[in-house]
C-alpha cells in the first residue's frame, strides 16, 4: 500500500499526509491504510477548491486557465493539510473577518461565497452512515457537510452540493480510479475490511521489528506550500502536478 500511495499521489500530498500522521505519532510505513485514506482526503479537498473563484461582483465563477489580469479571489480557503496551530490561526482569522461562528472542530474548507465552513468526508462505507457520524460529532448546523464515496455516491447537508455537477464528477472519477488501481494491486479488500487491515498492520509491524534499533535519517525540508498563510493550493503549477499524478495513475 505504501508503494501505491507514493506512486499514485502527488509528492506534495504525500508529504502533507506524512506530516499530519507524524504530528499524531503515527507511522505511514506501518499504518498504510490510514496513509492512503489521508492522501485521498487531501486530494479531494484540493480538487474541491480547484478552478473556483469569486469575481469583483462577488459572483462564483470557474476558471481553468487563469487570466493574470482578472480580479479574482479563491472561493475556497483550504484548512486541511496545515499543522493544527496554523489551521486554527486561519480559522480564527476567517471568523474575525466574517463574523462566522467559530467551529469546535477544525473544518476542511471555508466557502467565501456561502460564508460557511465545510467538512469533507471520503468513505469506504455507506454515505448516509458516515454522514450521520460526522453530523453527530460536529453537532453544528453552521458547518456544511459533504460526503463522497468510492462508488460514486455523495451526500450533503440539505442536499446542497455546493459545486457544479462537472466539478463533483471530476472528484468521483478520481475516487473510482483510486479504487480500481487498489483493486488491480490486490489492496482494495484490506482497505475496506477492518479485519484484513488489522492483519496487514500486524504483518507490517512484524516486518519492521528487526530494524527497530537502526538509526533513522530525518528530513527537515519544509514543503513550500506550508510557507505562506495566504489562499493557496489553487495555483496552476499545483493543478498541473495533480493532473499529471492523475494521468500517471490512469495509465498503469
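Counting begins at 1 with the first residue displayed.
A Cβ is built for glycine as well, from the same backbone N, Cα and C atoms used for every other residue.
Quick caveat, the model's predicted, so the values are computed rather than measured.
The active site annotation in Swiss-Prot covers 80, 108. Marked as site 'Important for efficient shutoff activity and nuclear localization' by Swiss-Prot: 195, 198, 199. If you look up Swiss-Prot, you'll see 202, 203, 206 marked as site 'Important for efficient shutoff activity'.
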Q) Under a three-state reduction of DSSP output, how is residue 80 (active site) classified: helix, strand, or coil? A) coil
Q: Sorry to bug you, but what's the C-alpha spacing from residue 195 (site 'Important for efficient shutoff activity and nuclear localization') to residue 80 (active site), rounded to the closest Å?
A: 29
Q: Count the other Cβ atoms sitting within 10 Å of the Cβ of residue 108 (active site), across every protein chain shown.
A: 23
Q | Three-class DSSP secondary structure - residue 108 (active site) | A | coil
Q: Taking the Cβ of residue 199 (site 'Important for efficient shutoff activity and nuclear localization') as the centre, count every other Cβ atom within 10 Å, in any protein chain shown.
A: 12
Q. Which Cβ among the recorded positions (80, 195) has the fewest C-beta neighbours inside 10 Å?
A. 195
